[in-house]
Amino acid sequence: MTKANGAEQLADWKFQYDLLTNELFHLHEFTSLLEFDPAFRHESDSFARFLADKHLELRMEEDAGAPGLEESSAMRRIRRRQKRGRGEEEGNALLKGVEELVEQKYADLRARLDRPMLKQGPRKRKQPGDAAKTALPHDSKKRKSAVVRKETNDEEHLKEEKSASPTVWSPESPQRDTYRTIHPSGDHEGYQSSSSDSFYFTTSSEDEEPTVKRSLKRKKAPVRRIKLIVHPPKQTVTNPLHILKPECSSLHEFLQSYKSLDEDISIEEFDSYIASQRKVVSAIRKGLKSGVLTYDRHTDSIQGISLKDVQNSQANKPEPITTFYQEQEKHTLRDHLNNHGVVMSRMFQDRKRGRIARARKISQMIEQHFKHVAGAEERKTKEEEKRRRALARAAVQAVKKRWNLAERAYKVLKKDEEDQLKRIQGKEHLSKMLEQSTQLLGAQLNQNDDSDDETSSQVLSENESSLGDEEMSSSSELDDSEVEAGEDDSKLTVEQLRAKYSALEHITIDGRSQNSEVSSMTENPEEDPQEYKILLSEREKAELHRTFETEENNILDEDHSSSSSFSESEISQTSSSENESLINSNSSQTPGLASLFGNVAEELSDDAHYSTEESLSSTPNEDQEGVQPNADAVSNMEIDSLEMQDKDESTNLEKLSVVDVPVPPLLRGTLRTYQKQGLNWLASLYNNNTNGILADEMGLGKTIQTIALLAYLACEKENWGPHLIIVPTSVLLNWEMEFKRFAPGFKVLSYYGSPQQRKEKRRGWNKLDAFHVCITSYQLVVHDQHSFKRKKWQYMILDEAHNIKNFKSTRWQALLNFNTRRRLLLTGTPLQNNIAELWSLLYFLMPQTALENGKISGFADLDAFQQWFGKPVDKIIAANDSEHDDETRRTVSKLHQVLRPYLLRRLKADVEKQMPAKYEHILYCRLSKRQRFLYDDFMSRAQTKATLASGNFMSIINCLMQLRKVCNHPDLFEVRPILTSFCMDRSVMSNYAHLNQLVLKNLNKHALDTVVNLQCTNLAFTQNDFNMETHYADSCARLQCVRQFSEAVEKLRKDASLPDAKDDPNVLNYQDMHEFYTGYTVRKRLRLIDQYRHTFYLNSLRCEKRPVYGINLVRLVSVHHRPPLECNVMSELMKPLETRLVTHKRIIDEFAIITPTAITLDTRVLSLGLDSEAAVHPVIKSDINTQLSRMKNPFHLLQTKLSIAFPDKSLLQYDCGKLQSLAVLLRRLKEEGHRALIFTQMTKVLDILEQFLNYHGYLYMRLDGATKIEDRQILTERFNTDPRITVFILSSRSGGLGINLTGADTVIFYDSDWNPAMDKQCQDRCHRIGQTRDVHIYRFVSEHTIESNILKKANQKRQLDNIVIQKGEFTTDYFSRLSVKDLLGSDETEEIADERPLLEDPATTADSKKLERLLAQAEDEDDVKAARLAMKEVDVDDRDFRESSTCANPSPDEDVDEEPVEDEYEGTRHVEEYMIRFIANGYLYD
């Protein structure tokens, strides 16, 4: 074969290969050959990737061996080595020609496709050149048959084995022109003959050129062979005698061809399974990546997301589809035929089933039709029967409905009759209750008909008035004798206390009625309470009725001429201040229920004052004594009309008073007048077997009155308990301290702690006289109610009893069932306008009441109570006019009469003359120089002006808080710094120390060359006469070792080890180690010899020194005179350093105040010459360092004062104008014997006050929010009892529950709190019951600052509700009326034109709690924590009374005048009447 023929054939094969690969690529991409263009050559990147992925790329092999022949690797290497470098140019030219031929074939194919009808002859191809025209020899290459090799590779895909593998051409090696086809399966078979199987190509083109016969001659050039590896078709059985060749040659190979999963599968199936699993895994990964799937950590699984989740996850969008069609599985024609047959078979079967189903349906319809025709008569009969049953059912239901209606009508009529009967019985019950209340009130009051009694009462009042203010003011202070007696009582046993106070019952007091009925009824106090009966004769009842009627008429006549009706606004107000004040009223007034309680208490209190008032009317010094009751209270009394049965009878008004009881000796301290009256009232309750409510205003001493009652029972009635007192948690310890203070003779058990501690306290408490009083909280008494119910209590006292007004709560039910003899409720809150709450308290007091006939009757139920009093009282509250009907007023009068015996309430306004006065002072303080500088600097900042102009509430509050800090103390705004010097490790001198040494060294380099030491050369011989003796010189000359030394040197020089001949001993040979060591030794010994020679020379000169005369001769001829006079002038001038420091210590302390700006640490070392660069001998340096380490530094104090400067302690006071004023005020208070409380809002101010008080040496105590409740009680008790403590500094946020600081008479507000309620609580801690001196309140205000502006505006706008303190809260009116200009002044806010208020948010204005939270954001963290702790203490009490169930409150706005209800049964016929009579006779239920 010639070279041209070979190139042409190669080009033909390359062209066929390209056609096949294009066709495969088109099928892969589009799954159809409909639009396939065989003339188009793909050169895109996707086509190259397709060839690479399918392993169809065409590359050149370097195998030069003949196909079908096996050659050894050695022979191949030899041929390669021989042919190296040859044929490279020929191969490149051949490849170039092949490409041109392939391109020409594509051009011919495009031309044929464009002109399919034209016939073209054989074209003569264009030769590329001379080299292409040169023919190869015919015998250069021998024709060989093509060998088809099959390679086996288990790792390739099975789908690619079905299609014939095309030929791949790869021009990798230009040296070899052998081509092969790479099949992905990689299967190899043995060699086969060319006649058995031949390779084939499948192409869509039918135009093929005839095969050119090649010459069989062998050429000398290296043979380029084509190695084709094709995939042969599978063996098919075409004859029964045909025997298939087994695929596996052995059994082992056959077994290895299967894989075992759940069952045995073939390799192909296994590969298919693996491929499918890979696709599933890739799909899952793609789903996770695109966001369609998600991984659930909890279930450890992959979950699909919903459509909503897919819409929300916009970040993970699926990738766009890159192909239009998926690759379909390629089936053969036989497979398509089989599938078509299966589909047609199924279609025929479905049609058959459909025809059968339609036939069955038609037959069923025919059958149903004939059945319907046959059953028409029977069906008609059944429908008629069904219709009749429906009519009968409707008739029965109508009759039954009518009977039900008649039954309801009968029940309504019967209920009306029962209600009528109940109203009659209720009126009878109410009459009995009113009669019983009259009896109780009459038993409490004692008629003073006898003139002797009147005289004794006058004497008693004069004795009481003669006690004076001094005796009245000693309620909170104990005399020494009383304290000693209290201590003795606390040490006595119960039997000794009984013996000590047993004789007190025989003591009689002047003015006490010995023959009264009440006294005779209480002679035997140990009888059962049920045995006490309230009995009055008919004459006494009538007389008492006439007395009340006459009293009412007289007072109403007086009030009619002096009082005026209230306005509508005054009637509708229900604030605590009006409920607690005395209200004038007449017959046309509109009294509310809240005012009824105050009026009842006032009437009772006024009745108690009648006898005293008459006895004191002739006393000239009534006002000085302070015992006369308030004249305004008497003039403003209200007594509603009490209509009795006997209206015709009337008598003169008699003076009535509560029976006076003696003050028990067991009580330590003196009761005030109103407290003594309260004790009398409580004692009358006990004597009349009645419970009551002590409702005095907060701060009037309900605790001391209760303790006095228990002491009275112990001393007078010999009733030592046990008593149960239930109080809020926060005041439990306060009650215990009050018992120890006023009644130390009682054994008090404070029941609190953990369950184990409470169990330990209950151990043995059933023994006689184990304790007298048990104090516990509401929460614990309900928790341990089973233990408390088993014990019998003499008195159960509830503090803050208004919190048990909910009768549906479990606490109310539990306390109601306690085994108690008497009950007392203490409350300082006015009772609300709620009939249900009022009934709850009254029923709790009187669940059972004794009657005249010895029977026990319970209190009225809630329904009856609301029926009697509910609607009239609601009508009064909701009324807009001043006139009411007589029935309403009579009902209110009855309510007065019911409540009058059980309630006592006094206000501070009634007893204000018996309390010390309160004075308020405002001290304006000037700002210090530093404060003024910081204040003006902060206000002049651009940021501050922008913040104030912004109008943001929180930003403005933050600015105001900073200004308040400057006013309180500048250290709160900016701490005065501690001055220290800037410390440097090295000074400037150390940088030039080395240079200085170098310069000195260079300057003195030749100094020794020109200067001759005459002393060393013995030329200065005259100096030897002053320090040398002749004997010493002779001895040195005689003892010198000159000869021995010179011999040793010569011997060393002539040592045999030293080489005598040496060229230059200073030059060392570093190339040879031996020579180097020898030369180095010679140099060392020569240097040593020179040193010894010089030493010998100097020693000779020293030994040859001789004096001319000698010092011994000079001493011999010298004459000594008398010693000179001693003088200490020089010793005074040369004092030691330590002495000078001690002498000038005062100067150092006072004037060593200027701290240098910068200091260095190496100055001392440089000055002493101890640095490393100093020219001092190391031995001398070491000696100096040793001496300095042993020496105490005399300059330590001076160095310390100059290195650090602390602010002077006096600057703490002089930096603040308030502290300067406080220093003057405290000095004056200390001299006058006063004790002060200093309150501040900020916790950091307490730290500054501590430093201030320590600086001045005042003894003080501190209480802030971090102080525990137990420690707080101890601190307050110590302050009240220790007069040495002058000052008590407190935080206004430290909580005010149970704090009583009556030991102080001065209150100083260092700064004002945002919440005015806090300031009022702070005042009440000092100005309360128990205070014996006038209270002065000082408020510090910085002038010309925000504080003075706030105070000025507050005073201008302060009216009734401008700053309202209600229920511990404060209104936002304070901030809603003030603007920035009002707070900072017009001078500071000239640039702010808007005068909007600080707080404009309506939500914040309506919610005070929200305002408190906003203000807390501007305060310090410590202050916020303190406020939270205070609120937490309040929440503890709130949790004691918090219940989930609430009592239904009747609406006061409910319309009383209801529309008349239409009578449903009006005009009933005779049938309905018959039905009702039938039901009434009871026949319906038989």
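Just so you know, glycine gets a Cβ as well, placed from its N, Cα and C.
Residues or ranges marked as region 'Disordered' by Swiss-Prot: 63-89 (among others).
The feature region 'Disordered' is assigned by Swiss-Prot to 113-219 (among others).
The feature compositional bias 'Basic and acidic residues' is assigned by Swiss-Prot to 148-163 (among others).
What Swiss-Prot lists as compositional bias 'Polar residues' is 164-173 (among others).
Annotated compositional bias 'Basic and acidic residues' per Swiss-Prot: 174-190 (among others), in sequence order.
Under the heading compositional bias 'Low complexity', Swiss-Prot lists 193-204 (among others).
The domain 'HSA' feature in Swiss-Prot is assigned to 321-393.
The annotation region 'Disordered' is assigned in Swiss-Prot to 446-492 (among others).
Look at Swiss-Prot and you will find 467-487 (among others) tagged as compositional bias 'Acidic residues'.
The region 'Disordered' annotation in Swiss-Prot covers 508-530 (among others).
If you look up Swiss-Prot, you'll see 511-523 (among others) marked as compositional bias 'Polar residues'.
Taken from Swiss-Prot, the feature region 'Disordered' applies to 548-590 (among others).
Positions annotated as compositional bias 'Low complexity' by Swiss-Prot: 562-588 (among others).
Taken from Swiss-Prot, the feature region 'Disordered' applies to 606-628 (among others).
Taken from Swiss-Prot, the feature domain 'Helicase ATP-binding' applies to 683-848.
Summarising the annotation, Swiss-Prot assigns ATP binding site to ASP696, GLU697, MET698, GLY699, LEU700, GLY701, LYS702, THR703. GLY699 (ATP binding site) carries neither a helix nor a strand DSSP state and counts as coil.
One residue stands out among the binding-site residues MET698, LEU700 for having the most other Cβ atoms within 10 Å of its Cβ: LEU700. Using DSSP to sort the residues of the domain 'HSA' (321-393) gives these counts of helix, strand and coil: 60 helix, 0 strand, 13 coil. One residue stands out among the binding-site residues ASP696, GLU697 for having the most other Cβ atoms within 10 Å of its Cβ: ASP696. Each of the binding-site residues GLY699, GLY701 was ranked by the number of other C-beta atoms within 10 Å, and first place falls to GLY701. Long-range Cβ neighbours of LYS702 (ATP binding site) (same chain, at least 6 residues apart, Cβ-Cβ under 8 Å): LEU694, ASP696, ASP799, LEU826, GLY828. Computed over the domain 'Helicase ATP-binding' (683-848), the whole-number mean pLDDT of the model equals 82. In the structure as shown, the Cβ atom of THR703 (ATP binding site) sits within 10 Å of 20 other Cβ atoms.
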